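These notes concern the structure reproduced below.
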């Protein structure tokens, strides 16, 4: 009886929380379905299904192309982040020499570097080495800037894997490197899910890097494409709302798909660390 | 169960969205104009020649105008199949992008200088004095884009001749003559506010997009300090200007606010909400470029919008316009395709193309003898004899002062700065920036 | 024969050395070299170049500039606007960290085991973290706007006139803090949820046998065991909050004047609008220093706490 009462109470409070949190999205939804001339309150859901904003946003911002570009960039970056990140984390977690503590510090403190202070020197560098307007250029940038988080999480996670496992493998004659690939890698699944969600999401949403380093009409990413709706003379708020909604859907899907692992991943990677 | 229901919902949503888009591939008038940044002029395949690609960046976002640019570029690439143009439009990120590009010395072959051909972009621009159109620049604009050595910095497609846009029918309705002095303007505003029962607040400024406030100060600085017979132009240029003389400018803005003639939410309003407010007859005067009119007409297609010169601020002075570059094209001096770039500029300078851009943007053309016909033409004709003075900040203030104007104006309206402090701050900032 | 033996012995020694080296942890360090290279090239090289800008009078775009020593730093420290902005930044950073963690923990407790549809609620709470911050800023602008803003529609219904929520710098700084909290609350919640799920049931069973009250159980078992989760959450939130940019840009653009600006937005405006790149770079370095000091200090205290458990 007591158990059931608690369940009901938790459910009610939970739904109330959901209700409060969904308000901004409800507003986003009403705005995205409203005709520009409709001046009714933002609370009122339009009595019609106006898909015009979605279509206009899709076509005017070339969102199809932008989704493809962003998708390619995100996937490539995330794959590289996982490789470089897990590789880098292993020695940092297993061999905590003074040097490696410094190296770890260098990796993590990159989280703190304000992007704007490095913007211009970075841009110059990109021009000099011919990385401007290339997919690999922007991918390497994303990889570098997201690696901190990945290394941070991987290092803590590997720290929780018992060393006995390593030793068992070493007795079998594996080198440390070999052992990493055979024993550790397969164990990293949950934390990998966490890293995928967090990093893919930041890359998907990136605006600054894409704006400055990918200045070609047909390589625009979603956020840059949507930003063209913020004109000086009018912000097409219906289009922006509709476009934002569409842009968020893939991230939301990825999150829902991976959310079970996500929790496990943080549990082991960030919480026990 | 719940999970599955959620999945269905998401899937259904996706389906709706995607089918909604794909079922009408070219439906709607908006989509007809195509995308924002399409690469135009792919040229003929297999023409055998190595193709040159020109990069071109323009800081406009208005749909009709981007369309006009694209059509002209298409016409050019059709005539010159061995040249293709990577044409990009950007309005809100343009200035920042260009600054980073300048810093890295990596500019597009052709780009818009939007008022800063000489002062900001000058050191990066090719000299265009030998171009066939150079001699055709109008009298009002020639000096703006030419330096003392005769270097021509940009092709001016359209020039600014800015005063105030206003709701023509509204002035008629309240029986108000177009104000010729600032006092008349305030009186007109008060009358409109009173007789509309407070529905209409004549002026709309935005503290978030504080360039609207900077714009006010910049436009009215001329009538206060420059256009009258006893003016301060020399003192300003020589650096002997007594900055307390600019206090009345700050005071005028404050007066408008104190009389309730500026939108109540001035500190938090956004510039992008102005067209809707103007269309809903909540605003009478707008200190913006004519491109604004299209956004209003999208909501209120039949609204009559006119342009008037800036009222005089000093007794005995006449109204004036503020002038300068509006849409321009300049060529990067280190461009690898200088000749092709100049060729494209020549194409833009053709009378029919100049007229088209002028008609679409409703700004006067930057070259002589171009016949135009658009909504504002009667007004420009009517005020043809009104004097045009270049924008105040570009002539009399050091580069970098624009933001000071905007920020100080906002502080003034927020009540965190007095007009006297405004002048004091102008003085110190000008001194800091002039040192360089 | 003798020399031969020596060679063999030496060879043997070398192979054992090699083997030991191969097994030695130092050999593992190659694994972080690719990452280190990327960091050196794309972050630290530009970062140190950027440091130099703070000693110049550069306008941010010209090829011409001069070295002017520490003038920019002097100017920065004597500028009263910078003081306001530092305080704002601290409000954004510390304030949202505090609220994110308190509310995030409450949500995690609420949505951990009991209640139907908790997965759904978790998704709803987390979704804002997925949306790009600049778009989140705009969504909130729809809510907070003076004319036709959703919240003002309600206020108008009760009082008859709207309130200019974002105009007063005493209020808008806190509104921005709340919006940031709202957006990244989900991350803190997820971290705490994971923390909760990694706590072994045995502890609770033992506590129940001892007859501990729920309050007792929370403070003696749950909270101490959540300490590592708390550390992670606090550090991530701190860094995010202290670097806050997009939401401010969308809601107030740092205004009126610089009243609600953070170090990030002020730096942006100094750099691009005011063409004062030198001062902007000094501000950037100040921000780097500030965040480093704050996060290292909190890390130090949090870790010490963890260890003492």
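Heads up, the Cβ atoms here are built off N, Cα and C, so glycines get one too.
Sequence annotations record features per position, and here TrEMBL assigns transmembrane segment to A:7-29 (among others). Residues 42-43, 45, 241, 244-245 of the same chain lie 6+ residues outside the transmembrane segment (A:7-29) yet bring a C-beta within less than 8 angstroms of a C-beta in it.
Per TrEMBL, the feature transmembrane segment maps to A:66-90 (among others).
Under the heading domain 'ABC transmembrane type-1', TrEMBL lists A:67-258.
Counting only same-chain residues 6+ beyond the ends of the transmembrane segment (A:102-123), those with a CB under 8 A from a CB of the stretch are 88, 92, 141, 144-145, 147-149, 151-152, 155, 208, 212-213. Residues annotated as transmembrane segment in TrEMBL: A:102-123 (among others).
Residues or ranges marked as transmembrane segment by TrEMBL: A:135-158 (among others). Tertiary proximity for the transmembrane segment (A:135-158) is limited to same-chain residues at least six positions away from its ends with a CB under 8 Å from its CB atoms, namely 72-73, 76-77, 80-82, 84-86, 88-90, 92-94, 104, 107-108, 110-111, 115, 122, 126, 184, 188, 190-191, 194-195, 198-199, 202-203, 206, 209-210, 213-214, 219, 265-266, 268-270, 272-273.
Per TrEMBL, the feature transmembrane segment maps to A:179-204 (among others).
According to TrEMBL, the transmembrane segment annotation covers A:237-258 (among others). With a cut-off of 8 Å between Cβ atoms, the residues of this chain six or more beyond the transmembrane segment (A:237-258) that come close are 28-29, 31-36, 52-54, 56-58, 60-61, 63, 67, 71, 193, 196-197, 200-201, 204-205, 222-223, 225-226, 229-230.
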